[in-house]
Each structure stands twice: as structure tokens, then as C-alpha cells.
Amino acid sequence: VSCILVISHIFHLVLKPLGQPGPFAQLLAGVVLGPSLLSRMQRVKDFFIQASAAKYYQFFSFVCRMLFMFSIGLETDVPYLRRNIRVVSIVAGGGSILACLFGGPFFWLLIKVFNVTKERFAFYLLTLTVLANSASPIVIRMIAETKFDTADLGRMAIYSSLVNEMSCVTIVSTLKAFSSSGRFGGAILITLVTVAVIFVNKYLSYFFNKRNQNNRFVSNKEIFVIMFLLTCLALYAEWVGYTAIFCCFLVGLMFPREGKTARTLLHKLTYSVNTFILPVYFGYTGFQLDISNIFNKLTLALTVLMILVSVGTRIVGTLAACHYLMIPWNESVILSLLLCLKGNYDLILINTNPNPNMVWAADLHDFLLTVVVLNTLIIGPVAAILLNREESSAQYPTILEILNPESELRILACVYVPRHVSGHVSLISALGGCPTAPIKPYMVHLVELPKKRKSKLMYHQLEDGDQYSDEEEYGGNDVLEINDALDAFISETKILVHQSKIVASFLTINEDVCNGAEDLRVCIIFLPFHKHQRIDGKMENSMEEIRAINQKVLRHAPCSVGIFVDRGQTGFQQPHGSQCVQNIAILFFGGPDDREALACSKRILMHSKVNLTVIRFLHKTTASRSSNSWINDASQKDEEVIMAISNIGTENEIDNAFVETFYNRYVAQGRAGFVEKYVSSGQETVAVLREIADSYSLFIVGKGGRGTCPLTSGMSDWEECPELGLVGDLLASSELDISGSILVIQRHRHSEAEGGFLDD
């Protein structure tokens, strides 16, 4: 294990600049250490390949499989898989079905060459699995290391490989069960035990969460109980004669995601699986390869032929499926190559005896093993190169204006202290109120890096449950309060919020926020205001550093940004579970930021507990014009609007067209209100704002970008917080003394040329 880790790290240092991910380096390290190279030396061979080594290595690989399959199930994005199960299944099945069609003739060829006379049905299943299976752990790690796990292409590849591999496991296990009466009973028992463990885990998770209300994590003893149940299930499945990977994956998939138990499991497993377990597992896969076994001309020809059949059928079948689903050509090629990767369930079948009294012939075993390992070593680097090229040119929506209202919205909410959580989860609740408009929220806890550590305890001096990295100690009791608030929100709304923490100096923490937003491919970042509401309702400056960080993020953010002025006592409350309807106002003056605010409202108005009104401010000189006659024609088609604005040049015309589209889609259908206010100066605008100050619990407005606007002239005289813009600053000041919360949105500044709302 140590040698594999050291050699793989050396290879990774060399290959990473060339764009090759970790799994390729780890497979290569195993090949170098195994019988193909270093273990050909007698002293090395005697050390690594001893009489009892094979069973020890197999048991160690079993433990690795059990842990990483449980971890994969625990990290599976169930809502995404549920929404895209049809697409993922078609992509996964396209290549597999074609591979199975070609597997029949190839099976008879192998029977003749290797003289297989017994257990032909088991050998047929083995051949089809080698041709049709995709190794989901290798695909997942390749996608994660190229930072494609948050992109649609990466997630489709991950879940296509998972569906493919779990389907292979299910089909092969089912056919084996029906081929033998004894095995059928064992399959039924495994199913019942798996279901029992899933239900026990649900109870244990609830019990451990309740028992550790005052702790950040559950204790090691409680984690041991869960791992003990998982190990018993896996050992029983293997003892009966089936692989445990599907059982472990299913237990992780069905494990409750909210609470301290799931958070502790993810914390303990993610690091160890990614940095130790999977590298060793991939290394052992390469270690089993003995390249000298294919130097026979016939074996070499069969190896090349089987790799070509496996890769060719997979690529052609996946490309056909992608063409049917109208997936772009470049993404289809990458998907087809990623699904060609092998080295998990197929290896399990190769190393499993067809029955207790028989083993596969050595030449047949070595041949199939060589096909699997060489297939991945050849295809892996090609797929990595294409992934890196796609990553450099890939684009994702960085503004809400061009995002389809029914597509997935990815947001990043930043909090510093527990009181910021309630406001941000209220926004998440409002944005995630419609099942047809999915949301993927991330919440990051920003913690200032202290200059000096207070404690220098050694590992054995730490109390039980405190064996974590230094970073986990940062944040004090705020971490516990934030976790509890999020757990309560997730339990009530069933909206899963992905948590993370950034510990850095406040001078540079804005860079980490921007880099994190880019890696997560979010559309908008929500930042807290540097003032908070006191008990008497007044706003008090709590952390001046937040203001400087907000200003830096506004300048350098890779997407749109929203600053939330939370007046939670008198203002906006969480819509989910609320008995009263929240009244929200969109203040539209014109410009890209106001259009972005209006685009944000498309998500919010879908919530059943939200009553949204768009208040458009217009100059009095436009009152007599007929430019707004479109309001009376609510049946106008969106395609006509798009054609009408194809040659628009002025910002005002773009605003009119955008508001027109919004009116036709939402206001005309009674889903939102619409009011026009005619003013001629900033003073009249302030007067209107005073009139509506107490009518709404939340005001959403764009930061600026209006140029020289007569509607806000003179309002800069009392500007205190320029990061909120003229209108936002006025609403947040004590001049108006409003009771509602305020959300000020700035459109991504580098997206001006992307073209408004045409894709909407």
C-alpha cells in the first residue's frame, strides 16, 4: 500500500501538468509495481507476492469497495438522478445493449480458443460484463479531478456510469439467482437484510442526531455502529456468493442526508476515500496485470480484438443514444469515452470463482484481466485530454437573465455568523418553492483565519469526537448554531443545502469565494449586509470587514451577486411552513441590474406562499405615449417578442421588451401583479417609496447600471453604502425607516454581451 501511494504520487506530479488525473497515475503505479515490471525481480516478487498475499489483497480490496461504494451512495445527488433518470438510462444503455449484441459471437470465439467446457453460462455473463460494464469509481474520480462534477456533462457521465454498473450487477445477480435454487434463497435474504439495515440506519441517524444536539459531530463509537452494520451486510452478501457493491451503494443512497450523523460520515469518509482508499484500490487493479501473458500472438490478437469490440460498441451505441437525445457532438464523444472505462465490477467477476469447486483457467483469467486494465490505460488519457479541452472552453450561465426559469438554479450563500443563516435560508426557501424549477443551494461559512492557534494538543490528547483537522476548530460555537439552523431547515423543507467552510484571512477571502463560485458553477452569490437589525428594529453596524469583502466580491465575482439586507424580525420570513403569504415587490427602474432582479423574481413568484408585484418606475413624459399598449395584448407569443427585439440597440428598448415578455408570461396569467409609477425626479421617487414602505416584506432591486437616470437624480446626496446602489442604499438607510428586508442584485459585469433574455 505504501509503495503504491508513493509511486502514484510521483507519477501524479509528472502527469498532472499534462492534464492526466489521479486514477491514471494510480493504475500506472500498480502496473509498475506489479508482475509487469518491478515484481519481475525475484526479491521484489518474493516480498509482494507471497503464499497468503492473494487472499489478503482480495480482502483489503473488499473493504475498500465497501467503503467507497457506501460513500458514493451517500454523495449521490438524488434529486438530479430522479429528474434525469430517463436521459441517464438511455445514455447508459445505448452502448451496453450494442456491446451485448456483439458479445454473443465473441463469446463463442473465446470458448473455442480457451476450451471452456464447464460453467459456460457463468462465462457468458462474465464476457458480457467485461464488454458492457463501466467502472463508476474511475469515472467519478476522473470527473471530480477535472472539476467537471458540477457541470451537466460531468454529472451525466457520473450517473450514467452508476446506472450502467448497478444495472450490470442487478442483471448478473438476478440471472445467477434464477439459475440455482440455493442462490435464489440467498438473494432473497440479502434483499431483506439490506432493507432492514436501511431502516435501522434511519432510526440510528435520528437517534444519534438527537443525542448529540450540543456537539458538532457524532462520536466515533456511534459511527462504528453504522460501519459495523454495513460490514456485516457486506460480508454476508459475499459469503452467500454475491458482490456487496450494490448493497453498500443502496445503503448509502438511502441514508438520511440531514443532521450530524450524515455530516460526520461525509467528513470522515470523503477525505479517506479520495486520498487513500481509491488510490490504493486503483493501484491494486494495475498491480494484478501481468503484461508478459499477452506476448503470445494469438492472445495478443484476441486482446486487441476484444478491446476494439468493447470500445467500438460502447462509442457507437453511446453516440447513437446521444444523437437521439440531441446532446451536442463534443459532449457525446466525451461521454462515450468515459463510459468505456473499466475496472470495478468486471474485475470482481474475473476474480470470483464460478462455483466453489472450480476456478477459471489461469490463461483465461489473465487474458480478461489484461483486457480490462489495458482498456482503461488506453482510453483514460484520451478522455482526460478531451475533458481538459472541454473544461477550458465550457461555458455555464453566470446570470439569471439567460437561465430558463425551469432549469436548475445553482446559488452560493455566504454566512459569517449564525444570524445570517435565517435570512439566506428564507431566500433559498422562496427560490425553491416550485418542484418543476429545481434549485441546488450551497452555503459556505466564512471564517477569519486567526493569527495563532490557542491549543497545541497531540492527537491522543483530544477528546472523543474531536479527531479532526485544525480547520474544523475554526468558527467556535458558530459552527454548531449554523449546522443546527440548516438541519432544521432541511428537515422542514426537504431542500438539501450543501455546506462547506472557508478559513482564510479577510483580506483575501473574497478570492476564495469567487473561486468557489466558479468551481461550483453557480448563477448568483448571496452576501450578507454588514449591518444587522437590533431588537428595537434599528440597523447596527456589526462587522465593517464584511463591507470591504462585499465590495471586492462585487468587483470580481464570476456571476451575478445579491446583497441581502435582513430585517428578519419585521421583514421577510421563510415561506415554507408559513401561515401567511409574503408580499414581495420588484422595483424596476431599468438597466441590466434591474433586469437581473426581475429574472430572479421569476423563481420566487412560483412559490405558493409568495405574492409578488412588479413596480415599474417611468418618467412622466412617457405617460402619454402608446408604447405600453402591449399590456392589453397578453396573448402575444414569446416568439414574436424575440423577433421584434432582434435589432434593438438602446437599453430602454431592451427593458421594454424584457418587461413585455415577463408581463405576457406571468402577469397576464395572474401569477404576479404589475404597477406603473410615473415620476419626474428623485424626490418623487422617494415619495413613492415612502408610500409603499410598509406594504411589502421584501424589496428586490438592481444595484445600478442605469447610467444617467432622471428617476434617481439627487438621490446620491445621502448615499452611505455605494455597494447597494442608489435605490438600495436609500431603502436600507434610516431615511425611509422601512420594515421590509432588501435584496440588491448586481448582474455579472462580464456578461453584458451575452445577449439578454433571448434564451429564456
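The backbone N, Cα and C atoms fix where each Cβ goes, glycine too.
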Looking at the candidate ranges 87-111, 337-361, report the one that TrEMBL labels transmembrane segment.
87-111
Which of 56-75, 87-111, 184-204, 299-327 shares the most C-beta pairs under 8 angstroms with the transmembrane segment (123-144)?
87-111
Do at least three C-beta pairs under 8 angstroms join the transmembrane segment (269-287) to the transmembrane segment (56-75), pairs 6 or more apart in sequence?
yes
Is it true that the transmembrane segment (87-111) and the transmembrane segment (224-257) have 3 or more CB pairs under 8 Å, sequence gap of 6 or more?
no
Are there residues at least six beyond either end of the transmembrane segment (56-75) with Cβ under 8 Å to its Cβ atoms? List them, or say none.
1, 136-137, 140, 162, 230-231, 234, 238, 244-245, 248-255, 257, 262, 265-266, 269-270, 272-273, 277-278, 280-281, 284, 287, 344, 348, 351
Counting only residues 6+ away from its ends, which parts of the chain sit with a Cβ under 8 Å from the transmembrane segment (224-257)?
62, 65-67, 69-76, 78, 162, 165-166, 169-170, 173, 176, 183, 186-187, 189-190, 193-194, 197-198, 200-202, 204-206, 265, 344-345, 348, 352, 490, 496
Under an 8 Å Cβ to Cβ limit, what residues of the same chain, 6 or more beyond the ends of the transmembrane segment (299-327), are close to it?
87, 90-91, 93-99, 101-102, 106, 109-110, 113, 130-132, 134, 293, 333, 335-337, 339-340, 342, 363, 367, 370-371, 374-375, 378-379
